[in-house]
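A.B. asks: Here it is, the structure, as structure tokens.
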Amino acid sequence: MSQISSLRHITVLLDEAVAALNVRADGRYLDGTFGRGGHSRLLLQQLGPNGQLLGFDKDPLAIATGQALAAEDGRFVVVQRSFAELGDEVAQRGWTGAVSGILLDLGVSSPQLDDPIRGFSFLNDGPLDMRMDPSRGVSAAEWIASADEDEIARVFKDYGEERFAKRMARAVVQRRAEAPFERTADLAKVLTDANPAWEKGKSPATRAFQGLRIHINNELGDLERGLDAALDALEVGGRLVVISFHSLEDRIVKQFMRRHAKGEADKLPRDLPIIPKAFEPRLKLIGKPQYASEAEVKANPRSRSAVMRVAEKVR
């Protein structure tokens, strides 16, 4: 078994997420982050013969797994696209406003993190790439080679929430003048040496690597586009289930769901007798945020930071 094929992914909040979708046997569902198919497989078990499931992923290895599943089960189709583009895909299929549930499991999968060739991790040395789809866009090495010091600092600070972002960016620019960054371990060492206050139990390079990965893949921009598209794609009564893994993602999801659950009546004159439909809430929040259980965290430490939020379309 090759190193890549042996890499395993443990699906986070598996039962909870599929239960939150409130699966209808004949419904149409979207798995916006297919990954290695954990959520999709369980969802298919709950669909009847007329149910349909459409999976999205940018990662070519995830697509290969999805195509194998599609060959086994005719109710499932997978496309190599970001979930940010789900609106276009849904429209092409005539599903706009007719999707029963959408699941987004954000972040990077274990196979991506653990495979040195992908360049996501400082723990396993590999090419400094970080792209979810290696055939598209600019690699982390290419971006680090050309970005100015202020831009590097902004990415580390805004997306990695790294308080020593300026100091780290300065170290990166000074070092690249001598030789380009090509390996993850090389960048990690420079970042580690530039961080004067290590957090217990966390590598000094963790936050900067997170910020770089988010920027390279436009993760927050994709999330905002994907949430807007998901709301339009859902039918009334359809569920949106989102699992996030860091505060930046969760803040976007929380604010999106709250904004659409509140509506925009506060923008209208107070004495208006009837609230126009365009200003009424489009979502209602379902339950409280859910977190991985102690047992799940023990079995899969990467689930510790997971937060799941659920909303239902009402208009």
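Glycine is treated like the rest: Cβ placed from N, Cα and C.
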A.B. asks: Need one residue: from Asp57, Asp148, Asp150, the one Swiss-Prot lists with Gly37, Gly38, His39, Phe83, Asp105, Gln112 for S-adenosyl-L-methionine.
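C.D. replies: S-adenosyl-L-methionine site check in Swiss-Prot: besides Gly37, Gly38, His39, Phe83, Asp105, Gln112, the record includes Asp57 out of Asp57, Asp148, Asp150.
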A.B. asks: Looking at the ranges 216-235, 256-275, 296-315, which is given as region 'Disordered' in Swiss-Prot?
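C.D. replies: In Swiss-Prot, residues 296-315 carry the label region 'Disordered'.
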A.B. asks: Taking the residues Gly37, Gly38, His39, Asp57, Phe83, Asp105, Gln112 listed for S-adenosyl-L-methionine, what is the greatest CA to CA distance in Å, to the nearest whole number?
C.D. replies: 18
A.B. asks: Across all chains shown, how many C-beta atoms besides its own are within 10 angstroms of the C-beta of Asp57 (S-adenosyl-L-methionine binding site)?
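C.D. replies: Asp57 (S-adenosyl-L-methionine binding site): 27 neighbouring Cβ atoms within 10 Å.
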A.B. asks: In sequence order, which same-chain residues at least six apart have a C-beta under 8 angstroms from His39 (S-adenosyl-L-methionine binding site)?
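C.D. replies: For His39 (S-adenosyl-L-methionine binding site), the qualifying residues are Thr11, Leu14, Ala17, Val18, Asp31, Leu103, Asp105.
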A.B. asks: Using DSSP, how many residues in the region 'Disordered' (296-315) fall into helix, strand and coil?
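C.D. replies: Helix, strand and coil residues of the region 'Disordered' (296-315) number 7 helix, 7 strand, 6 coil.
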A.B. asks: Name, in the order they occur in the sequence, the residues of the same chain whose CB lies under 8 A from the CB of Phe83 (S-adenosyl-L-methionine binding site) and which sit 6 or more residues away.
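C.D. replies: Set apart from Phe83 (S-adenosyl-L-methionine binding site) by at least 6 residues yet with Cβ under 8 Å, we have Leu30, Gly32, Thr33, Phe56, Leu104, Asp222, Gly226, Ala229, Ala230.
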